[in-house]
Amino acid sequence: MEDCVGIKYSSVNEGEERKGGHGVPKVSIIPLIFLIFYEVSGGPFGIEDSVKAAGPLLAIAGFLLFALIWSVPEALITAEMGTMFPENGGYVVWVSSALGPFWGFQQGWAKWLSGVIDNALYPVLFLDYVKSSIPALGDGLPRTLAVLILTVALTYMNYRGTLAGEVENPKRTLPRALSYGLVLVVGGYLYPLITCTAAVPVVREFWTDGYFSDVARILGGFWLHSWLQAAAALSNMGNFVTEMSSDSYQLLGMAERGMLPEFFAKRSRYGTPLIGIMFSAFGVVLLSWMSFQEIIAAENYLYCLGMILEFIAFIKLRVVHPNASRPYKIPLGTIGAVLMIIPPTILIVVVMMLASFKVMVVSIMAMLVGFVLQPALVYVEKRRWLKFSISAELPDLPYSNVEEDSTIPLVC
C-alpha cells in the first residue's frame, strides 16, 4: 500500500448532499435518530420478563446501570468509529482495519447472525401481544401463517426502499443522532416501567412478554388496551424493518470490500441491497419457530462475541493509529479508553457465562462455521468460481501488518 500523507478518509460520494451513490435519498438526522431508536430498542415491549426475574426496583435500577456501563460507551465508540469509516461495512470495516480481513469477516458473520436471530424475535413478540385479543394466534397453524405473512410483508417494505439510503454527512450527523437516540432508548424503557409498576400491584408471575397490554386494560379499559397493542405492532414493525435494513446493508458493505461475492452488492431498482434482504429474510423465517427467551439467549451470545472484537479493534486503532483522522473523538486518552470498556467487557463475560449449555454449543458451532467459511471464500475467489471485487469508490484499508508513520492517516 502506498503512503498517502495528509489524505483524509473520504466516504462514497461524500460531496453529494442529498443523494447516495445510487441516486437514493440520504438519511438526515431526524430519520437517523429513529432508525437508531428502533435498531436498539423500539420501546419497552418485551422487557416485562425483567420484572418477573428481579422485581420492579432491581429492574429499574438495572436499566439505569445498563445505560451507564453499556449504552453510553457503545454509543461513544460507534460515534468515533462510524465517523472514521463512513461506509456500509460499518463495524466489519473497523475490525478489518485493526485486525485484518479474517477477523473482519468473523465480525460480520457474528453480527449478521445476531441480527437475523434478533429479527426473528419481532413477529413472535408481535403475536404475543395480540394473542390476548385473537387467541387463535397463540399457537398452531394460524400462528405459523401469521409469522410468514408478517415476515414477507415487512421484507417487501425493505425491498421497496422504506429505509434505503446512507447517512447524510455522517461525520456531523452520526454523533448527534446517537446522543439523541440514547436518550430516547433509556426514556422509552424507564418511563413505562416506572409508571406501570407504580400504577398496579406487582404480581411478578404475571410479568411476561405482552403484559404491558394487560396493564393498559386494567388502567384504561378496552381503548387503552387496543391503543397499546397498536403501539406494540408499530414498534415491532419498526424494529423488524430497521434490523433488516442494517443486516442487508452490512452484507452489501462486505461485498463492496471483497469479503463476499459480488452479487451481494446487487441493488434493486429502488437502490436497496436485494440479495442481502433475501438472505436475511430466509434466516428470519427459519428461526421464527423459537420461543422469545431462546431467541434472546442465542442473539445475545453471538452479539457479545462480536462486541469483543469491536472493543479490541477500537483500542488497537487508538494505539497503532493515534494520529488518524477522527472527525469525532471520545475525549479520553488511550488509558481512559481502556478503562471505559472494562465495565461493558465484564458485562459481556457475565452474560456469556450465564448462557445455557445449549446456547453456548450452538453459538460456538455457528462461529466455527465462520472460521471455515472465510478461507473457503478466499479459495473460491482464487479459483475464480465466483466473482469478487472491491468497489473503486472505497479507500484502501491499512491492515494490522502495515506499519504506520505518525504522520500517516489511517486510510488512503
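Any Cβ shown, glycine's included, is placed from N, Cα and C.
For 27-47, 53-77, 89-105, 140-159, 180-203, 270-288, 300-320, 332-354, 360-380, the entry in TrEMBL reads transmembrane segment.
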Return yes if the transmembrane segment (180-203) and the transmembrane segment (300-320) have at least 3 CB pairs under 8 Å (sequence gap of 6 or more), otherwise no.
no
May I ask which of the stretches 27-47, 270-288, 300-320, 360-380 has the most CB pairs under 8 A with the transmembrane segment (89-105)?
300-320
Below 8 Å between Cβ atoms, which of the listed ranges 27-47, 53-77, 270-288, 300-320 makes the most pairs with the transmembrane segment (360-380)?
300-320
If we skip the immediate neighbours and take only residues 6+ beyond the ends of the transmembrane segment (300-320), which ones have a Cβ under 8 Å from one of its Cβ atoms?
74, 77, 80-81, 84, 91, 94-95, 97-99, 103, 106-107, 110-111, 113-114, 117-118, 334, 337-338, 341, 344-345, 348, 351-352, 355, 359-360, 363, 366-367, 400, 404, 410
